[in-house]
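Colleague: Let me begin by handing over the structure; questions about it come next.
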């Protein structure tokens, strides 16, 4: 196979000690990359690159299985998941495994089985990675033409893209099948405080599903993050599955149009940069989704959202003071605004005090108390249920802040510095990883464009100006 870049052209760029370092027969002279460039050394050996990716998948699946078993071994049934530092069991609980009414974990055996299945899968992937790295053919196209590829073969690259899209579509439909036919999923909006149920009537109306994409990302609109019912969520996965599978078939059967051939850089590093950009975007969206959405990420498992904890505090003190005889409808706070209840500028009745900024919160424990124009005073005076009080009191002291004392008006327990919400972990990790993936996209995109334009990679250290300068002393 013709090599896109001269392999020896750039090896002088590295420091001299790299010239003598060789891993698996791949030195800087033979590949154009130093040992620390990792898989870049495997750009032109598709079989070994496959081995690296399969082994990487094995490591990921091994961590998932081992960490799941670790969380199962440390699980305490008397405490909620979010108070135990669990970051994997909440996902499994959301899928409806081992969960009862109100989000109570009633059976951890499914989690044990899932953890073991992941460990077994990781062993298979690990063996495959070792085989393709050490024993299998170096170049797939010589032994298995169907699996071989040339980075510059635009038709083959879009075919591979199509296969990936079909696999993503199948993944979306797996959730749909689980929700509709195999045990259902956990719905935090189910009456009485949440329960596992089948989603029998997913939303298929394109005006509803794609209407989320046309919403403003600000305030109460919330773009796609504003999904607040399981019918829309599962219906969205049906649409995404159809689009991904349809797009995959399209890319397999067609060749890139002329404008696409001219617009994109067609090299291994360019495809890496495109992938990093996509992952970065998904990371940033997931970050905001986890932080604000309590439908896809139920508060019973992930802990309350920040706005939810704040509104829960206002609600808890309203309940307390109302029992002590306070008229919560007319009481004034220190600023002259309503202490417990007030009207928003549009006239909607909302909680007063510092939590007024979170007026757009929607939560299962609060919605039964709303009327046609915000919070219903009659319901607040006569229809607050014990389960709503208990849940609000719990959420009030478990805000995803990691703070020792009150921040933003949210009360915390005196030992709350020991509590870090899984919602905080997920949000922060997705933001940080999304940021670094974006930086990596810029890095690799710049390198790919420079290589395509024929620019020099790096500096020729034999002719650096500093070498001809006088010593400092």
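Please read every residue number as a count from 1 along the shown chain.
Cβ atoms are placed via backbone N, Cα and C, with glycine included.
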Colleague: Transmembrane segment per Swiss-Prot sits at which of 44-68, 69-93, 94-118?
Modeller: 69-93
Colleague: Among 17-39, 178-200, where does Swiss-Prot put the label transmembrane segment?
Modeller: 178-200
Colleague: Do you know which of 291-312, 313-334, 335-356 Swiss-Prot annotates as transmembrane segment?
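Modeller: That would be 291-312, per the transmembrane segment entry in Swiss-Prot.
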Colleague: Quick test of your reading of Swiss-Prot: among 255-275, 360-380, 381-401, where does it put transmembrane segment?
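Modeller: Transmembrane segment, as annotated by Swiss-Prot, spans 255-275.
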Colleague: Let me know how many other Cβ atoms fall within 10 Å of the Cβ of residue 367 ([CaMn4O5] cluster binding site).
Modeller: 11
